[in-house]
Structures are given as structure tokens and as C-alpha cells.
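Asker: Here it is: the structure, laid out below.
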Amino acid sequence: MQWRSLVLGLLLLRLGLQALLALLPALAPGLCLRRRFPFPFPPPAALGPPAAPAGSSYWGSLLRRGGGDGGTTGGDEYERRYSGAFPPQLRARLRDAARGMFVFGYDSYMQHAFPQDELDPLHCRGRGPDHDPSNLNINDVLGNYSLTLIDALDTLAVMGNSSEFQKAVKLVIDTVSFDKDSTVQVFEATIRVLGSLLSAHIIITDTKQPFGDMTIKDYDNELLHMAHDLAVRLLPAFENTKTGIPYPRVNLKKGVPPDSNNETCTAGAGSLLVEFGILSRLLGDSTFEWVARRAVKALWNLRSNNTGLLGNVVNIQTGHWVGKQSGLGAGSDSFYEYLLKSYILFGEKEDLDMFNDAYRNIQNHLRRGREACNEGEGDPPLYVNVNMFTGQLMNTWIDSLQAFFPGLQVLIGDVEDAICLHAFYYAIWKRYGALPERYNWQLQAPDVPFYPLRPELVESTYLLYQATKNPFYLHVGMDILQSLEKYTKAKCGYATLHHVVEKTKEDRMESFFLSETCKYLYLLFDEENPLHKSGNKYMFTTEGHIVSVDERFRNSLWKDILPGEEDSAEKIKPNELKAVNFSSNCNRVPDERRYLLPLKSNYMRQIDRMVGLI
């Protein structure tokens, strides 16, 4: 009987410890508890039976047989699954499957939802704003302006569908108006609508026409005029703020609502410069770039004197940080992205200086784990959420938006670190067949379990393949494509996963699924795409819209109305941009560091254990 009592006692102790671990994230702020790395990962035996990854049963059996003690057999299984040539016939089939995914979603929207903003793929109907002020998840995005059609324009061009592209552009010109009593988030309207209009305009007016004949008969810059009209309606958000940081929302007909919130996130206020800058330089009107650049500088000047980090929520009137979390996910992500991409596009040295400073502070305070990705001892590298003033850990979760960061690292040539961070997010995908919105790396479980068809992991996969040409990333893309088909396909399109474990669906297909997720998947498998072959250099916006990097965006106008900036803002010429790769054109391979697998098998297995996959 004593041994039974002992076993029972140990079981109760284990349950108690697990309950305590589950409560710690919520209790930590009040108890001033801060977990510091390196953190202990549970031994494999404590993780329970491995969950089968999405995809074929053969692949699932490979991973299951590869679990255990990290011996040579597991390494052989990884080699067998991922390394070696990727058959061109398979690649062509996957390219066509990605195109078919887009076509099914796009045609379903046009048949069942247009001219409304989004498609409800379960009930085959359209969705627009409901004008409920509390329902920000819907109304921040939907403006009653055929959002999904506009957001998908350049994807049609990239896939070479000139007839549908021309038809869609004419529909937008003939049917869409921004003179609507709709209150939208400035950030979402900018990246999804303004950015797509500008991208389509650039494609139409490109004299080279690399994607086929995308010209529009009698086109008179209508999309550019529409972009101008929308931007003018967004400008009131930048007025009457003591810091120059814009209000988060604006009514397209009436301006800033009288009860508007004075708090905004760093990404929302600081990720407008690419679209506003392009518009200014195409129009010859500095107003739009100036207000966007002023907001970036205002946020930058509020960074911590101690760590150099920024928080994630700020009061636009007082400049006080309401949210002190510094991370790479929601609320912060595209702020860093656009510091670099503004430099790539406009060549302003101060943008690069800010990015380099920010990246250095991120490495110093957010990065945990071993120094090198593919060698050494210790935990795999991971970027965590910290207090902007102290650098102390604030919580033990990461969110799916952070999966964009490996792609950004590719653009600055930090490919080795990008490889390791990407492997972490891919391991989570393998476990669930999707990325949960928040994943708790300490508890090895989702904190927020839904997946709204986000593109960030696909984007990083595509950019890493372009940088390394390693077929491993084609296997990753195949996994993602199969998971989307298996778990998210609905009667009329593709649906948000309400729960990544239970695989229940929500009746919503966000516009970025067509503008980004499908586009990056298609480009990953389309080696011969003109985007990869043309003499042009292209950059993707944060919404996945393509813009050409050329001289017409190199003429600064904003310095005329920012006194004292002339001397400090040094111009970089396009041929001097040696430190960065231009999205699809970043074909540089790390010197002497191309492995059969981008990560050694033992490190891949370590990351799989880290997320409870094996």
C-alpha cells in the first residue's frame, strides 16, 4: 500500500505544479515575478505522445518514428523527409494548387459577397461593417468599399491573369467610392486599400509590363486619384494631436469621431510611411509623407533612454506609454518592418539608422537562447516580450504575427538567425496544422487558439527560399498548403480556424488571405514568375502588395517643410543599397553555409521538443 500512496502523492504533486505553472503568467505582474532565460524545457517523457503534424500519414509516421532520444535514426528521418531535390513536376502541381486556392476564394467572393467587403465562407454571403462601435475586430477593417476585391488586385497580376485584373480594376473604378459614413482604422485602410490601389496603378503604368499586358484602355490614373481621395479622408487623424501621432480611427465622411480613443499602437501609428511616401512622390505633394514621417519620429523619440526599446500602446496627446510591452508581434511588428522598407524604397539614410539602432536593441534585450543558430549549446534562439524600460520578461507567449520577423532578417542578410527562428514557428505549425494567434512557449500550448489564415509564416518561408534556394522551404510550403486545404477549406472559400486543436471554423475569410497568403504560396512554387526573372526590383508592403524599387521614389519632398532636416537626411542611391536584399530578388546564399538541411537534424529535433511536437 505504501508504494500506491507514494505514486498517488507524486501524481497529485505533479498536478499541483502544472496548475501553478498555468496561473503564473496571470499572477506574475502582481507578484513582480519575472521569468528569465535560459528556461528549462521539460524532458521528452514529460511531453506525452506526439501530435501528428498536418499532411500525409507518411510524413506523420516519419516524425513519430524520429522521436525519442535524438539519436542518428531521427536525424536520418529528417534527412529523408526534407533534403534532396524537389521534383519540378511536384513543384508545378503545387504552384497550380496555390493558384487554385486563390481562384476558389476569389471567385467565391465575387459570386457570393461582392460588392460587400468580405466573404462569409460557411454561409456563402457577404459581410460589411455593422456600425457597432464595440465591434472593432470587424469595423476597423471593413469600410463598405469592396475591400477583398481591392486587396486582391495585384495578386491577379502576379498570377498573370490579365483579363481578370483588367475586369477587376474597371469594377473598382466604376463601383467603389470612399464617400461613406464608415469609421475605419487608419492603419488597416492604409495597408489594405491605399497600398493596393497604388500597387495596381504602378503595375498598369509600368512600361515593361513584366506580368503580361496589364494595361487598361483609356486609363487616366483613376486608381491614383482614388488613392489620393482616400488619403485625404485619412488626414484628419493627424490633426489636433499634441505629439503628431495620429488618432487610430477616422470616419471617411466626417473625420475623427468626437469620442475617439487617444490611445494607439506603435505599429498602427508608425507603419504608414511606405504607402503615404509613395503617394506623395507620385503626386508631387509632400503632405502625406510628411505626416507619416512625423509620426515615426515622434514614436522614435519616445523610446526608453535605458534600453532603446519602444512600448506597444501610447497616448497620442501626452506621449505616455500605456502599454509597456516591447516585442515583435501585434502592436509593434510592422513599425520595425517599415523602418527598413522605407529605406529600401526611398533611400533615406535616417530610416536605416533608426532600423539599425532598433535591431541592435532587439538583439540585446528581446533575443534569448544560444548565440548561434546551428552550433553550440543551450536553448534555441527565441524573441520574447519584455518591459520596454527594464528589459525584463513580461509574459511567456509569442503571437503568430511575429513569424514575419525571419523574413525581415533575410532582407538585411541575417539569414542564419532567420533560419532558426523560422524553424520554431514551423514546428508549431507542424504540431497544429496552423499557427495559434498566441502560443505559450512555457506551457507548450495555445493561449489564444484561433488562426485567421494569416500569411506571416508563408511570407518568411518564401523569402528564406529566395535567399537560400534550399528545397527544405518547398517542403514547408507544401505542408502549409496541405494544412490549409485540409482544415480551412469551406463551402465557399477558406475559413478562419476558431480553434487550432479542435479545427472548428469561424465564418470569415479576411482579405489578406487572397492578397498575401495565396500570393506568397504561389510565388514560392513559381520559379519562373516574372517577379523573379525581370530586371525590375520589387518590394512587398506589409500587406504583401508589390511596388517597384526605382528612381522615381528617390526625390525627397518632405524636407521642404521639415526645417533643419536637410543636412541630417543623407540620400542613398539605389546602387548603393548593398546591405539589403529586395524581397523576391534576394538570392544571396550564405557563404560556405548551405547545409543539406538549413538546420542540423539535432537542432531541428530540439526545436520540435520545444513546442511539444516530439
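The backbone N, Cα and C atoms fix where each Cβ goes, glycine too.
TrEMBL labels come from automatic prediction, so no person has curated them.
The following feature annotations were taken from TrEMBL:
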- Glu188: active site, proton donor (ACT_SITE)
- Asp333: active site (ACT_SITE)
- Glu437: active site, proton donor (ACT_SITE)
- Glu456: active site (ACT_SITE)
- Thr542: Ca(2+) binding site (BINDING)
- 1-22: signal peptide (SIGNAL)
Asker: Taking only the Cα atoms, work out how far Thr542 (Ca(2+) binding site) lies from Glu456 (active site), in Å, as a whole number.
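Answerer: Per the Cα atoms, Thr542 (Ca(2+) binding site) and Glu456 (active site) stand 10 Å apart.
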Asker: Can you tell which of the active-site residues Glu188, Asp333, Glu456 lies nearest to Glu437 (active site, proton donor) in space, using Cα positions?
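Answerer: If we rank Glu188, Asp333, Glu456 by Cα distance to Glu437 (active site, proton donor), first place goes to Glu456.
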Asker: Taking the Cβ of each of the active-site residues and counting other Cβ atoms inside 10 Å, which one has the highest number: Glu188, Glu437, Glu456?
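Answerer: Counting Cβ neighbours within 10 Å, the top one is Glu456.
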Asker: Give me the long-range Cβ neighbours of Asp333 (active site): same chain, 6+ apart, Cβ under 8 Å, in sequence order.
Answerer: Ala267, Leu401, Gln402, Phe404, Phe405
Asker: What number of additional C-beta atoms lies within 10 angstroms of the C-beta atom of the residue listed as 'Ca(2+) binding site'?
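Answerer: If we count other Cβ atoms within 10 Å of the residue listed as 'Ca(2+) binding site', we arrive at 24.
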